[in-house]
Amino acid sequence: MEEEMMILGVDGGSTKTLAIVFDERSERIMGVGISGPSNFTNAPRETAESNISDAVRKACSEAGTDLDGIGIRVFGLAGIGDSREATELGKDIVRSIVGHADVYSDGLGAYKFANLNDDGVVFAPGTGSVGFIKNGSDPERFGGWGWFIGDEASASWMAKQAILFAEREHDGIAETGFLDVVRRYFGMDLYETVYAISKEKIAKRVVAALAPQVSAMARSGNRYAISIFEESSSYIADLLNAKSRIFGRSGKYSVLGGTMLAGDFYRDMIRKKSSVDVSIYYGYQVAIGDVLIGIEKKGSISVDLRNKMIDQLNSILENKKEDIKKFLFLDSVPTS
């Protein structure tokens, strides 16, 4: 394969790193690599480097190529844009692994994936949460205040709500059903858990990984778990409705992130409460946006091409059961 036809797109965040090698000539994803977190602002540089390198190596190996065979390399990393220092650190990490590359905020890839070049809003509730609005220029960020006070509707926020309900059950205020769930998940007394989290002895991504159990409880009818999703969906609808007034209800509105895997019940809540049409995607698909940025360096992109890549990625991931369970917390790839 000719070098100029190969594109590497990498999305790195607080929970996982996913790399895609795409052949522009055949319009096919040739390789996919998944590894652990690469948000260098809340993990050691060595961890971020190792996981980015691992994901890239896996994707290249599956594609039957190496970095010399890839002409365009686009990285979308959490932490880029947080500060000048963070941005330089992220770019330096990428250079140390692949040499020349275009490095952007993971939000730019997320926006490109969901809305392409249309004006509108993308809200991304994953491990944390952040939003982007585009109105005739480059997407601008909003939200993303961090998990101590902000990151509403994110997996870490949902996990914190679950711990709060566990505290209420512990204190005899309400039988929420969360106390045993939280104890089993963290493997320690509730007081010890709260102390460890407050002292940052338990990583944000580990706390956030409790969210799938909250989803399962909601699907089984636990009213306290359902209330978490009611509050979360109301927040998402409120922000979409508020931002839509800027566009006079026109524009494109998308929500993407791992929390969208909670189930149809949650996606339906968001759509019913929103006054605009909402497209919903999943966080593991965002690396496609980085590939689309690469394609635009020489050509054009379309919804049809994006959707074709989604189908290809889903098909490839179905054959990576161990990786999607370990890094994406999925037993299978969603079909809707």
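Glycine is treated like the rest: Cβ placed from N, Cα and C.
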Out of Ala203, Ala208, Ala211, Swiss-Prot lists as part of the ATP site with Thr15, Thr127 the residue Ala208
In which DSSP state, out of helix, strand and coil, do we find Ala208 (ATP binding site)? helix
Across Thr15, Thr127, listed as binding-site residues, the smallest other-CB tally within 10 A is for Thr15
Quick one: which residues besides Thr15, Thr127, Ala208 have a Cβ within 8 Å of the ATP site's Cβ centroid, in sequence order? Gly13, Ser14, Pro37, Gly126, Gly128, Ser154, Ala155, Ser156, Lys204, Arg205, Ala209, Gly258
Per the record, ATP is bound by Thr15, Thr127, Ala208: how many Å separate the farthest pair of Cα atoms? 9
